[in-house]
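Listed features, source Swiss-Prot:
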BINDING   S102, D243, D245, D247  Mg(2+) binding site
MOD_RES   S102  phosphoserine
ACT_SITE  S102  active site, phosphoserine intermediate
Amino acid sequence: MGRLFGTDGVRGRANADLTPELGLAVAVAAAHTLAEADRSHPPLAVVGRDTRASGEMLESAVVAGLTSAGANVVRVGVLPTPAVAFLTAEAKADIGVMLSASHNPMPDNGIKLFAAGGHKLPDEIEMKIEAAVEANTTTAWERPVGAGVGRVHDLLDGADHYVQHLVGTVPHRLDGIKVVVDCANGAAAEVAPAAYREAGAEVVAIHAEPNGLNINDECGSNHVAALRQAVVEHGAQLGIAHDGDADRCVAVTADGDEVDGDQVMAILALAMREAGTLTADTLVATVMSNLGLRIAMSREGIRLVETKVGDRYVLEELRASGLALGGEQSGHIVMPAHATTGDGVLTGLHLMSRMAGTGRPLAELAAVVSPLPQVLINVPVGDRTVGAAAPAVRAEVARAEAELGDAGRVLLRPSGTEPLVRVMVEAGTETTAREVAERIAEQVRTASPVS
C-alpha cells in the first residue's frame, strides 16, 4: 500500500478508500502503540468529528477499535478540529482523533491524530501506527477482556468549554461589531456564532444548517460569493468564512472584498507587536504567501520566516523557534499561546478584536498588505522531477528572476499528488506576471511532455 498518513493524517473517499475496517485498524494500532509507550495506565482518547454523514460510521469504527484495544474514549461529537486538540489537552488524554477531511468535498473523510497536549503526533509514533496497519498486525495483538475493555464517555459540554477558552483570549470586547459568519455547514455551525456572540458581536450566521450532505457545498472559506453578498445585504462591518472543520478563517470587508490569510496574518502581527506578544518580532509563513506580505512586514520592521507549503511546517517552525504567530495564505493561522493547531474561530475573534481596539474598518487594516499580481499555471507533465529541474527550465527561471529583481518572484514546484509542475509568478503588473509565467511554463512542457 502507499503512504497511509499524509501531511494532514489519513484522507480518502469515505467507505471506498477510507473504510470502517481501515478506521478500526488505525484505532487499534494507535491504542496499542500508545500502551506500549506507557504501560502505567490504559490510554485515554478524545474522539470528535465534523458534520459529514460518513463521520457517524467512521466514529463507530474508531471508537470500537480504541476500546477493543483497552483504551477509554471521551466522545465529543461534532466540533472543530482545533476544539478536539484543545479538549485532548484539557482531558489530559494520550491521543486525540478528529474525523474530518477539512475543506474537501462531502464524500471524502479523514482521520487526524493528535498527541498528548493536543500537539501533532510525533513522526515516529505515526510511523509505528502505519507500519502496524500495513503489516496487518492489529489482529494479532492480545485483546483485553472483562474489565480490560475500554469504556466510552460522552462529553456533552465540550463546545461550551471550548467557547469559553476562545473568548477568554480576546483583548477587546466586540460590542458594536456586526459580522456575517459562513459556517460551511460544518463543524463551526454552532461554535462560531456562539463564540462571536459571547465576545459581544452581533452575528448573522449563514450556511449553519448541516444535514450531513451539504458541508463545503458552494460555501465556506473556498466559496465566499454568498458571504460577500450577505455582508452587503445585512450592512455588516465584515464577514468571516470557515471551512468544514473550522481550522481556517478568511474574511471579507464591509464592501465585500476578500481579505486572505496573508492580510489577516499581517493585521494580527501588528496587533501582537503592539501588545508585546510577537516573539522576536517574527512572523512565520509559507513560500506561497504573496511577496506583498514580505514587503509589508519588512516596512513595519517585522521579520518573515518562510517554510515549505503546509500548516504542519508552519507549526514545526513555530515550536522549534518558540515563535508566536504563523500561518498560510489559505487562512490557516496558528497562535501557539492559545492553540496547538490552526484555529479559524480563534483567528476570527482576534481579527475583530483588532477592529474593536483600533476603531478602524477591516479594509483599512488589511491595506497594510498590497498583494502583488500573481499568476499560477499548473503544467501537466510526464515526469514532475524532470519538468521542474531540467536545465532549460532552471535557466528560464534564472532569467525571469534577474528581470523581476526585488519587484517580483518566481516559485516553481512539482505537485506532491498530481503529474503537474506549478509555476507561480508575482510581478508589478498582471501582464508581466503572465508573460513570465507562460515563458517558464513552455519550457516545462518542452522538458517533460505528457506522453
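Numbers run from 1 along the shown chain.
Using N, Cα and C of the backbone, Cβ positions are placed for all residues, glycine too.
Cβ neighbours within 10 Å of D247 (Mg(2+) binding site), excluding its own Cβ and spanning all shown chains: 34. Other than S102, D243, D245, D247, the residues of this chain whose Cβ falls within 8 Å of the Cβ centroid of the Mg(2+) site are, in sequence order, D50, P80, T81, S100, H103, G186, A187, H242, G244, A246, R248, G344. The secondary structure of D243 (Mg(2+) binding site), as reduced to three states from DSSP, is coil rather than helix or strand. Around the Cβ of D245 (Mg(2+) binding site), a 10 Å sphere holds 34 further Cβ atoms from the protein chains shown.
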